[in-house]
There are 2 protein chains.
Amino acid sequence: MARKFNFSAGPAMLPTAVIERAQAEMLDWNGSGMSTMEMSHRGKEYMSIAAKAEADLRDVMGIPDNYKVLFLQGGASSQFAMIPLNLMGDKTSADYINTGMWSKKAIAEAKRYITVNIAADTSDNGFTSVPTQAELKLDPNAAYVHYTPNETIGGVEFDYIPETNGVPLIADMSSTILSRPIDVSRFGMIYAGAQKNIGPAGLTIVIIRDDLLGKATDICPTMFNYATHADNDSMYNTPATYSWYMAGLVFEWLKGLGGLEGMAAINKRKAEKLYAVIDGSDFYANPVAINARSWMNVPFTLADAELDAAFLKGAAERGLVTLKGHRSVGGMRASIYNAMPEAGVDALVAYMQEFEAANA
Amino acid sequence: MARKFNFSAGPAMLPTAVIERAQAEMLDWNGSGMSTMEMSHRGKEYMSIAAKAEADLRDVMGIPDNYKVLFLQGGASSQFAMIPLNLMGDKTSADYINTGMWSKKAIAEAKRYITVNIAADTSDNGFTSVPTQAELKLDPNAAYVHYTPNETIGGVEFDYIPETNGVPLIADMSSTILSRPIDVSRFGMIYAGAQKNIGPAGLTIVIIRDDLLGKATDICPTMFNYATHADNDSMYNTPATYSWYMAGLVFEWLKGLGGLEGMAAINKRKAEKLYAVIDGSDFYANPVAINARSWMNVPFTLADAELDAAFLKGAAERGLVTLKGHRSVGGMRASIYNAMPEAGVDALVAYMQEFEAANA
């Protein structure tokens, strides 16, 4: 058995050390005589697992005490409705920054519940940049400002946190959370599907400032109301217990690597290696503005798209898999989340150079 | 390491053979070089796992072709809102049968969206019976009839399927699905949280008749619309991939036991053994009408509640755990889902007899 280097955009690689530990604990967690997925979520053992995971995430991210951390289900796609349903309050509009496919999905769902003001839109350049702070047309009366700090498909990442002058800033961090330190206090709410940098799919983390809770509209389903979950420590109903446990193992692993500072240094190096081989060649190309390039998702095209199939085949033969780009962008996409070892990036870089030499 | 006999109401035991297989496949599924939880849900390998799980469930339950099977998130609690939001159509009311705690929760959420007619209510006798067909006050103009075939807390199970004369019958089967054969064609929709008889928490199965799709109200969030998921084979967004895979292993295991006929024979025997020791004693009691006793959840009280703690302590010493009853009922509750081996029930029965002899 050889573990592959899996460049999937999500669900994605998990650290091999984490998978090995989950395997070892599978039949019998800590002498309990059962798997964590078999435990009552109300029992002492599972409660300790859940509490430790939250404490470790708070520690790793430096989450202030006036923020609740929720372990929910339904993915970022559910958040797209939950955000307006919970946060509109007595306001009539919200600001959305449109930088790609995931921004657009959030906007489409929000429009069903609230007037959406597009504060900036980079579709003119094919979503290859991020707007500057000066370009943001922010409404001081907006209920909130929503943006997507990292667009998984376009490979575009904000290099700054927008200043919203007191209007709550809401961020879909699904594909960037835990990749580097961030100042949580700048945000009203952060949310992320787990299946990229946190753990298995089916878990969604929401980090929300206390004062934003308790304002849901009348039509908001009980299970879509953040207060429901905040008031019950995410155990109003049975949570995704196993995914929560796995996330806890990932948070522990991150702490062992030196937390987000340590992780950021590795991620920066990995991304720089990959962009260097792309930029150093006329054979590979990435269209994204230098300042807006994602550390996590690196799309690139080959000079001749007819070579794509051969590139993917050769990569797979070397254990480098799930490199095909999203159909809306074409070419390749290497997602290099936290769990992708630097050795995986090195192997990809070596293969890209080899393939170019043989085919350019 | 000794596996415990875990009588949790959910999350609950999974078959040891299933857990062992998941453990063996954890680092490398079928030579893929990755765990199933690391696979892209759009990839060929994961798609084959998902499709096989659905096919096996259809086979095991005998689900007709005009029903869609959805693999969702959010638990039965999310369904409580999704049902009226999707199924009210141009009707103004729905019928609900109230037989316990979970019925009540479904009713409370439905009332936020539709007029609820209580077709029957057994609260007068403390939820220890099921209404007869003749006692059901059904409205022919109701959008649907909702009931809970098995109440997990009260340990009350319907011994018949209500006849609704063409009005769609909706059943929360969370704690009874897959425990015995059922005629799916009698239902408009069946739903079940996975964490009792299907797999890990965080997965919800919905089996819905085609003609009930596509009628969601305007306010229904996209992710709460059954049609969203039916139109995309439950992959509109990233599903709970690992839980879906685990459910597939459970479905395979069920087929190996002879499907639901084989499972029912075992479950009937397990339940009869436990009720026999309760009924054959003045020390233990179960208040539920004989015809309405659950095969899956067996609550019982001791003659003297002051012995509860000693009973639980002795049970735990014998590897019989999570037997404490729900706080609303008191005493004990033995949940004996499919994965509880008959040997577990035998061990519990022997311990109950021993404890009675020592303390009666």
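Each Cβ is built from the backbone N, Cα and C atoms, and glycine gets one as well.
Just so you know, TrEMBL annotations are computer predictions that nobody has curated.
As given in TrEMBL:
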BINDING   B:Arg42  L-glutamate binding site
BINDING   B:Ala76, B:Ser77, B:Trp102, B:Thr152, B:Asp172, B:Gln195, B:Asn237, B:Thr238  pyridoxal 5'-phosphate binding site
DOMAIN    B:5-348  domain 'Aminotransferase class V'
MOD_RES   B:Lys196  N6-(pyridoxal phosphate)lysine
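Every protein chain considered, the tally of other Cβ atoms within 10 Å of the Cβ of B:Asp172 (pyridoxal 5'-phosphate binding site) stands at 27. For the pair B:Arg42 (L-glutamate binding site) and B:Thr238 (pyridoxal 5'-phosphate binding site), the Cα-Cα distance reads 9 Å. Per-residue confidence over the domain 'Aminotransferase class V' (B:5-348) averages out at a pLDDT of 97. When each of the recorded positions B:Arg42, B:Lys196 is scored by how many other Cβ atoms sit within 10 Å of its Cβ, B:Arg42 comes out lowest. Binding-site extent for pyridoxal 5'-phosphate: residues B:Ala76, B:Ser77, B:Trp102, B:Thr152, B:Asp172, B:Gln195, B:Asn237, B:Thr238, maximum pairwise Cα distance 31 Å (rounded to the nearest whole number). Proximity to chain A (Cβ-Cβ distance under 8 Å) holds for the following recorded positions out of B:Arg42, B:Trp102, B:Thr152, B:Asp172, B:Lys196, B:Asn237: B:Asn237. Around B:Thr152 (pyridoxal 5'-phosphate binding site), taking its Cβ as the centre, 27 other Cβ atoms fall within 10 Å, counting all chains. The separation of B:Lys196 (N6-(pyridoxal phosphate)lysine) from B:Thr238 (pyridoxal 5'-phosphate binding site), Cα to Cα, is 23 Å.
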